[in-house]
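A.B. asks: Sending over a structure as structure tokens; questions will come in a sec.
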Amino acid sequence: MKKTAIALLAWFVSSASLAATPWQKITHPVPGAAQSIGSFANGCIIGADTLPVQSDNYQVMRTDQRRYFGHPDLVMFIQRLSHQAQQRGLGTVLIGDMGMPAGGRFNGGHASHQTGLDVDIFLQLPKTRWSQAQLLRPQALDLVSRDGKHVVPSRWSSDIASLIKLAAQDNDVTRIFVNPAIKQQLCLDAGNDRDWLRKVRPWFQHRAHMHVRLRCPADSLECEDQPLPPPGDGCGAELQSWFEPPKLGTTKPEKKTPPPLPPSCQALLDEHVL
């Protein structure tokens, strides 16, 4: 498991010094009926909605990065989740990266978030709204111990667990990625109501936020869904494997060349950028 500082930096690092991808040259959503195209890690979106940055229930971080675009289903999910959180007195929901105006590949920080169906949400629920300065330069609250084996008790709360559970119980949500230690704590705390845990998937980093992914909309015919998570709550051998030391002889996988774009996404780039 990577050290805390490196893990958090990977999510919050500024991309200003990296070469822009063609998708970053598209500054407004592409007109048309909303269509998520391709896969979460190789796709785009037509007709994206803009998440309103003003809301009583949530706040949007790093608005200067302009990553608050997504499929209308994603915008409605964020509004729905944050309203439920407010009704339960959990606090203000802090919204991180969604996607770019036309989706597509980032120049760093994300492999997915390309079809307008992904959103990062801080696992903090402030009772007092953040200032503009705090939102522009958010400070992540690392919930995981240095050795990566458990959450930090003084930072974990039932409210955080409730927020994750609310998101997982939403019918549009297909996966929620969190650090393995966070998944482990959810497993310990869940009690008999465990069906929602199937959607909560352990993944590298994700020590301070959850990454929520929605299913492909029914009318997005070129959208590629992932297979459903394995049956069960995911709290057994699969989860424990994340805490085992790496096998001898394993090497870091080589960086792969990005696959060709879906034809509709390439056509979108050809028309609007190239």
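Any Cβ shown, glycine's included, is placed from N, Cα and C.
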A.B. asks: Which of these, His211, His272, does Swiss-Prot list as part of the Zn(2+) 1 site with His110, His113, Asp120?
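C.D. replies: For Zn(2+) 1, Swiss-Prot names His110, His113, Asp120; of His211, His272, the listed one is His211.
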A.B. asks: Choosing among Cys44, Cys235, Cys265, which residue does Swiss-Prot name as bonded to Cys187 by a disulfide?
C.D. replies: Cys235
A.B. asks: Nearest by CA distance to Cys216 (disulfide bond): which of the disulfide-bonded residues is it, out of Cys44, Cys187, Cys235, Cys265?
C.D. replies: Cys44
A.B. asks: Quick one: pull the CA-CA distance for Asp147 (Zn(2+) 2 binding site) versus Asp120 (Zn(2+) 1 binding site), whole Å only.
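C.D. replies: Rounded to the nearest whole number, the Cα-Cα distance is 24 Å.
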A.B. asks: Can you figure out which of Cys44, Cys187, Cys223, Cys265 (the disulfide-bonded residues) comes closest in space to Asp120 (Zn(2+) 1 binding site), comparing Cα atoms?
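C.D. replies: Its closest listed neighbour, by Cα, is Cys44.
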A.B. asks: Which one is closest to His113 (Zn(2+) 1 binding site) in space, judged by CA to CA distance, out of the recorded positions Cys44, His150, Cys187, Cys223, Cys235?
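C.D. replies: So, spelling it out, the nearest of the recorded positions is Cys44.
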A.B. asks: I need the most crowded of these disulfide-bonded residues: Cys44, Cys223, Cys235, Cys265. Count other C-beta atoms within 10 angstroms of each C-beta and give me the top one.
C.D. replies: Cys44
